[in-house]
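Right, one structure below, let's go through it.
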């Protein structure tokens, strides 16, 4: 268990690629702390003298730089210090989605840690470090590799792959998605856990057991697998295991052992059509292949029997490395057989030897004693037949024949078309094959190249049966060589004949598809021109006219071989077609073929006039008529005439003559029988020999049921007498025979009254003698008190002298007295000599007072007595009474162990109190550390932090000192190394008006104001009239607009962006209220008072009661309790208002933290005293920062005020409140941004009269910033008050507006605050002047009443915003449906 892996893969896609970026400073510091803690900085390249390139190994986000993959691989040279890794080491990188630790000491806490973020991939490899048992719930994952000691505690895990090294089966019923289950067990396997095997639901199972123990066969308890691989030794079974209904496809049993059988049979009833591999068994019965009808491999399993006849079909069978004997029957040609390393003999069938040119076939028969195991044996009976299957749309062939092999992949169509698929119809005899290329290039024939048998063969086959077509004839003496097409593909492929001149049979000598050679035994010189030649292929007759004289040319091709002129015949000397009349009347069974001049008989007649019957002779097993060779067919009777070596209807059965015996009779006649297929005689029970001429008598059967008792005994079965070997006797040699020894005078057992038992070979001596040969005299030794000779035991009697020889533990003449040797001590003396004595019956020394020990060799001295009058003060202290010195226990010291002792702790380098100048008080166990060290073991460095204000370390207060580093951890209000200077910030500003004057700045400024200055923009605010820790006042210069504020003091600069906004004496209204006929500007509050039925914040919209524009006649608003989104919806347009994100921004404008506000809300609904619905939504960020969003439906008009501004909400309005409490900044220099989203999209209902694309614009006034979103004659208007209440004080609020036509993103920039911040934007939704309430009379629809929403945000240490919405109807009038585009909602 040196190397183990826990590997988690969550079902998601990861890896965005490595980017050359730098992580944020806090995450960089986190990584630096990690690699420093574990001493592995050498694994990372250095970007410059101070920074490491972590993102080249850890994966960082290409935009934000956040660490998204924590990847660390330990190497031999890394310097890793072996410390365990804990979850806290990774908490400072909250965005990691992948974790990979290779070769590290991973703590148990990290293994089971549930990360708050989604982690896609976790990999832990332990290397040489400790691997823990899996005894807790793991995170959901696809696969892992654990070591465990009990069941795994996981619920509904999506585990796909499970691999483990263990000592028990776990219960994995909670893993429903397993595809691959693998386990390895050691010698401590817990046997009862086998019951959990049935809980595995996996397609593939692989189990490996130790071979040091036997197991019960347990596979039958689980019917759910498809493939199983078991390596185990099994116990002796009591009955067969029926797996026939399990449905698996493959079972591999390795090393099953010599007990796994029932009477020598494999004890399994297998699943049909499945593959079985069984190795290292002990079987004496050949498996029933009618049960194992799938492929089977039984190797190294002691099968010591004759190989039986094959009874299966189309199987791959491996029987390697057994003890099979006998010969291979030809029935095995219907299988692909691997039978190497057995004791088989005889000839290997040609179906296999034909392919010995293929090494994999040749090697399958190695290690036996075959007589024809020779690569160059050849294949004379190779006879494949190819038949195109015309009904298929693809290139299929039926292939049959003799010795056609087992690998169709070795066949090529037209030289390069490979076999792409094939079906085995009858292995070795018939296949259906499909080639990869189109066939054939020639529409009449095709070529097949056979790479085996070698040398390779290329045979041309016809696409269809066609007339043989000679194109030339060359005559040499009595040999005729025809060239052309459609002769036989090879000898015997078709039934061929050639007749010259009507009666001269030309014997076929050789043939191919393109040529044929025949010859005559006598001269044909008497023939003259014109002579007709009849060429027949399987009853297809072609006739041509030739000049048979030697030297004449017969090679002029006729047009189309005369095939298009019925009844014509080609003259090869002139290339002219002639018509012939039949010589004979074709009768009722034929018609005259004028092309050949010969009668074409029907299928069952033949002869010149079709008067003779025609009966097809049988086809042999090699697909040849009458099996070919020298067998002949009588096609008038349909009976084969076999040659001398064949018999049977098709001459396919071999015929061998049995030997001639007595009386010149075959097999000596009588009741003996000749097997003329093998040529072997079967003699009757009284005869034997090759020819049954020798008498046969049965010898006696021995006690072991073997003739003559088997062994080296022999039987003369002509006389029926056994000839026993030297170690046996008796008529059946069943009685053992052993020669007794020769003794005195070379006599057996020394003669005299001694006797010999020749079955045992032992002498029986008379009472006066003994010994194997009775040659030794015998005298009785004395009997002891226990009535045993020499008292028995290990004492011995010399019965030649009658004297007892006692064992080392006894003495006396009868050995009845015990004897124990005292130990040898000093000077090799018993009990060390001197005054010491020995008792040799007990073996114990009696020492004098100055010595001790079993041999009295050890001196004895008394140890001192302690204060409690006990030797060495008692307790666990001990006395060395050889030296007289006390050995104190771990809690005592001193010569009498009376002084207490306490061990000081071990520190660095395993030294007490860390060594060096530190000291230990070992009576108290307390370390006295030197000035630069601290801690109970003095292992912690001690460094003095700087002294600051009031001579206090780190200036006192809430700042504290890290005395291990000497660095001050300052209170958030202070900075510098000694925390003496205030860490200033501005939370609110009370500005002057545009003419200048006193301005007040609130926040935190500390009590030290060295070189204090304050800039508004680039102008000094001077003089400074007041300053304190919380407020600065100064005289601001005249100005107008918004400016940055910069404070410098104590050599520290602080800047608040857009923090100072001059108060205008005369306010401006938005868009100047459009014009004087539509509205009047109130310069005191910068708001328009609309006239003449105009409305909106800039009086740009006019109420139109005729078409419904400007009316507020319906309401449909909803609140999503999970996202906090408020929706205002009709059948065509939906407006949404929601807070999306909260950002913490650093001094340079970078995002330090991001919090999404669209999820994780909890929801509650109440009513106020005016029956307004109030929805309260809450969530928590950081650890204690609480965010509350309150949405109130206003049923009656209501007045609200904010930062000195007053406004009214009409009935039907909705007010939203959001508060954020207890927010903790990363730095005093940081601020917050609140992101507010206003969006619009289309609904599905269709209308045309109000349809308009959406648009946005932005307008500002003295006190407000406005935005508009216009869509389908509706206007969403937003107003942002340029004020914020920060820590209870009003100050300027800057707002950034971005829009894309459908969505407005308002980013509210909040100054740094401590207690409270409130902001007040508001929105309303109004109808455009062009809005039509009805598009026609058929679609008259009520719409939505006004909805207005106000969102104030109030809270302790919080941020907020007030939204104001009014949502007003858009009528749907036109019944013509117009499909509106769906706009994506951000």
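Backbone N, Cα and C atoms are what each Cβ position is placed from, and that goes for glycine too.
Residue ranges 1318-1342, 1343-1367 are listed, and TrEMBL annotates 1343-1367 among them as transmembrane segment.
Taking the Cβ of residue 601 (disulfide bond) as centre and 10 Å as the limit, one finds 22 other Cβ atoms among all the protein chains shown.
The number of other CB atoms found within 10 A of the CB of residue 610 (disulfide bond), across every protein chain shown, is 23. When the Cα atoms are compared, residue 592 (disulfide bond) and residue 601 (disulfide bond) turn out to be 9 Å apart. Annotated pair residue 610 (disulfide bond) and residue 582 (disulfide bond), C-alpha to C-alpha distance, rounded: 12 Å. Within 10 Å of the C-beta atom of residue 592 (disulfide bond) sit 18 other C-beta atoms, taking all shown protein chains into account. Here the domain 'EGF-like' (578-611) has, by DSSP, the following mix of helix, strand and coil residues: 3 helix, 12 strand, 19 coil. Neighbour density for residue 582 (disulfide bond): within 10 A of its CB lie 19 other CB atoms from the protein chains shown. Across the structure, residue 582 (disulfide bond) and residue 601 (disulfide bond) place their CA atoms 12 angstrom apart.
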